[in-house]
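Q: If you scroll down you'll find the structure; I have some questions about it.
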Amino acid sequence: MVGTATRSAGDGAPRFLAYPRAITVQSGTDAVLSCQITGDPQPSILWEKDKTPIKPSGRFHVEAKGDLYSLLVSHATPQDSGLYICKAKNSVGETYAAATLKVEAGEPQEEERCSSSEAPSFLVAPSSTRVCRGEDVMFTCRVSGQPCPVLEWEKDGHKLSDLFETSHFAVGQEPEDWHFLKLFGARPPDGGVYVCRARSGSREALAAAVLLVESRALLDGVPGAKAFAVTVGKHAKFRCYVTGKPKPEIVWQKDGEPLAPGRRHLVYEDREGYFILKVLYCKPQDQGLYVCTASNTAGQTLSAVQLQVKEHRLRFQVQLADVEVAEREDAVLECQVPLETIPTAWYLEDRELQPSHKYVMEERGVVRRLTIRDARTDDDGIYLCQMKDKGRSIAEVSVRGMIVKRLPRKLDVMEGENAVFCVETREAAEGTCWSRDGLQLRESLRTVLKSFGRTHLLVLVHVTRQDAGIISFTVGESQTSSQLRVKCVKRDPPSTPVAAEMSVAESNAALLAWCPAPDAHLRPPSRYLLERREAAEGEWVQCLATDLPSRVRVLGDSVPREADYCFRVCAANEHGRSSPVEFPGSVHLAPAARLERGLQDVRVRDGEDARFSLELSAVVNGTWFLDGTRLGEEEEACGRCSMRHRGMEHSLLIRGARVADSGAQVTFVSGEVRDSATLHVQGEQGARPGVLLREEQRGLSSGLPVLLECHVSPPGALVRWLKDGEAVPLDDVIAVQAEGCVRRLLLRSAGPLDTGMYTCDAGDDAVSFVVTVTEAPVRIVSSNEEAPHTYVAGQRVELWCQLSRPVALVRWYKDGEEVEADKSLVLEQEGPRHRLVLPCARPQDTGEFVCDASGDSVLRPTMCPLAEAPVRIVSSNEEAPHTYVAGQRVELWCQLSRPAAPVRWYKDGEEVEADKSLVLEQEGPRHRLVLPCARPQDTGEFVCNTGDVSVSYHISVAGWWHSRVVL
């Protein structure tokens, strides 16, 4: 049964790649329900039984490994039978699938016998071993039984206490029924047959192992030989440094037999001149004596190491066996684990395999099987089956086909070096093809294609980062591939400019000058970046980019608002930017302003407040004058005047205007802008009768005052004002005035709703005014459309447009789609100015932004691509001496140009992982690799890689074996 509920369409909703299957088990055995689920974001998983959620505890255990999820029911009983449902849910949607579990009861007699007692048995028996004199010996085993078995150890039929003093051996038990016997400092008489006897009630089980103790060290035949241990499945690397003239010939041997390069044996000379033998994925049979022999016409020398391959205490009952198949056949690998409940994973060398049509993985009891369908040349390699946190089993798969020597799975080459690929075929072949990322490669000056009989070569000369990709060789239906990775050569950004000076002799301008760094010829800059910020507060904003160092004149028109500004400059090239140098001092700059909305005459009654306002095209300061007197300098007209400056709007409020103030001249001055208006104050007048004189028609724009006036006779005549036949309501917007024979109706700020027919009714006569108020079209009067819009990731981006009136609908679009405000995009309005702000620009913000003001006018500023500032390693302890003695603390560090950059550490080309012996730390932009207690095997090349640049450290820990011989 399968069900799905999705809240929104998309590929991120959870879905089952493999559904749980109905199973039937015997009572007392373990039952496992497994499924494979994918989803983005990763879904949460819930198991239910008969619609009741299952909480992992006791006999129920839930496990997740990648996209594989399983429910383990330990020692299942008939009561565990039922319908089990697996539900997967994320923010995009949810799905579920169900399967039935049936637990069958066993034979009654057997069930009764098992419930009371169980014969002891060895799940893991002790293993025979051979050691040298003085080494410690450990025998381990795992036993089951009811009641809990009691274990006794014997040697050659005698109790250990009868043969050894108590300080020579130790017997103990560990969790999960593991038992051990340990002998300290083995001696030749300790050799013999050791028996472990497990008793449970009247029942007994035995297991035996043989111990051989060499009377002399195994290395006596080779002078100077050292011991080296490695765990099964790990790599063993031997290094030998030899000098001589002529250059010595190197031969590697194991137990007296020459070693030839192969699938698991790599032989090469590294960049430091060391001769390297690397044994990949060590097996127990790799244990032995390894000798490096160097010889030339002057003589011979050698160095040796005894390799010990340690196995995990929990080992496979049946190991994997090497397999050889013909191309296009299926290859089958099979092994057996100690317990059927132990989970395993399959690897092709260092890549974990997932169940698919190509890789079929089966688990039947203790049997683990991997089937590689339709084996090809690239399937040739080393395969591992690994028990979780336990032992490994290793096998080699050989695929016989047209290609007998395949490409390496990956090849790392420094930028500027040559990349060489070599393939051998079973016989000379025609119609071969080399390709990169699926595109066929052709012969050119930088691409060499050559075939010599069965050998086929591809050489990429002086590789660049563009050469990286999947390199493939095809002949007939056979193909082999390799991943080419090009490592960048470390390059530095330019140095900081010098001699930064700022001149402020010119009004409303600054003259900035600087010189290139003295070493600019070594690290030439491609451009100089000038930044500014307000002196009081604010962030640095890039305002200019120039190719050459020179004098730059910064005008007031280039800044967004009037303020004191500071400036700084830095040099930049493709590898990064230098530290900035700040120009000394600051300068007061103000943009040139234009009058967008001017002052209007104001008419008020005696005692009312009068408000004057105007709007400019830029944020600048200004000065108000009342009848030629500057407000703010003296008494501000007895404290009745207050001024306000908000964005681009300036306003003046005169409180309690008097009749004596009527006719006063109000003036505003800011730079080249000057505007004036008149204050009209009307006193209280008595009512006078009147007669209507004439009819008028008025048409005007919204926001302006409307004054309807008529003359009556006699002066004391009474009138009524009507609008569309209804009496006009008197409020703060509409006022009626009578002065002698004049009757007035004042609309202080007309709007579209005030459109209509106004009538002044004197009883026997009337006059009408047709008033039409139209909404002035919205215009975008200014913007920063023409400013450069090229930014670096992390910068603040501000796009703005100023409308012809404050109350207007504005919509912002990006690449044709309307945007909405969130944490990464802020929409602001300040009067008639509308802004779109990106507080921290990202590369995905690149595109075309449009400001649409009610469809009447459109602003189209286009943002150029955002450049992610490349990560630089600004300092490190690369040049410090890195020679240590075993037990010392080793600290390698590098400091990056920004804190959030990812870093990977490598040792001898392989990425390292943190554990007890290796600590990875980060503190801001500084990254560290720490070896708390250095060991000889820590000797090697460590690399700190940021993706763009890297730095190398050559570590030497005394105690590592090597021979330095001059022949």
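Glycine too: its Cβ is placed from the backbone N, Cα and C atoms.
Automated prediction, rather than curation, is the source of TrEMBL annotations.
Dumping what TrEMBL says about this protein:
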type	residues	note
DOMAIN	14-102	domain 'Ig-like'
DOMAIN	120-207	domain 'Ig-like'
DOMAIN	223-303	domain 'Ig-like'
DOMAIN	314-398	domain 'Ig-like'
DOMAIN	493-592	domain 'Fibronectin type-III'
DOMAIN	689-774	domain 'Ig-like'
DOMAIN	777-854	domain 'Ig-like'
DOMAIN	870-956	domain 'Ig-like'
Q: I'm a bit unsure how to read this: which one of 14-102, 223-303, 314-398, 493-592, 870-956 has the highest number of Cβ pairs shorter than 8 Å with the domain 'Ig-like' (120-207)?
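A: Against the domain 'Ig-like' (120-207), the leading stretch is 314-398.
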Q: Which one of these stretches, 223-303, 314-398, 870-956, has the most C-beta pairs shorter than 8 Å to the domain 'Ig-like' (14-102)?
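A: Going through each listed stretch, the top one turns out to be 314-398.
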Q: Under a criterion of three or more Cβ pairs within a distance under 8 Å and sequence separation of at least 6, are the domain 'Fibronectin type-III' (493-592) and the domain 'Ig-like' (314-398) in contact?
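A: No, since the domain 'Fibronectin type-III' (493-592) and the domain 'Ig-like' (314-398) share fewer than 3 Cβ pairs closer than 8 Å, they do not count as touching.
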Q: Could you give the number of helix, strand and coil residues in the domain 'Ig-like' (120-207) as assigned by DSSP?
A: 10 helix, 53 strand, 25 coil
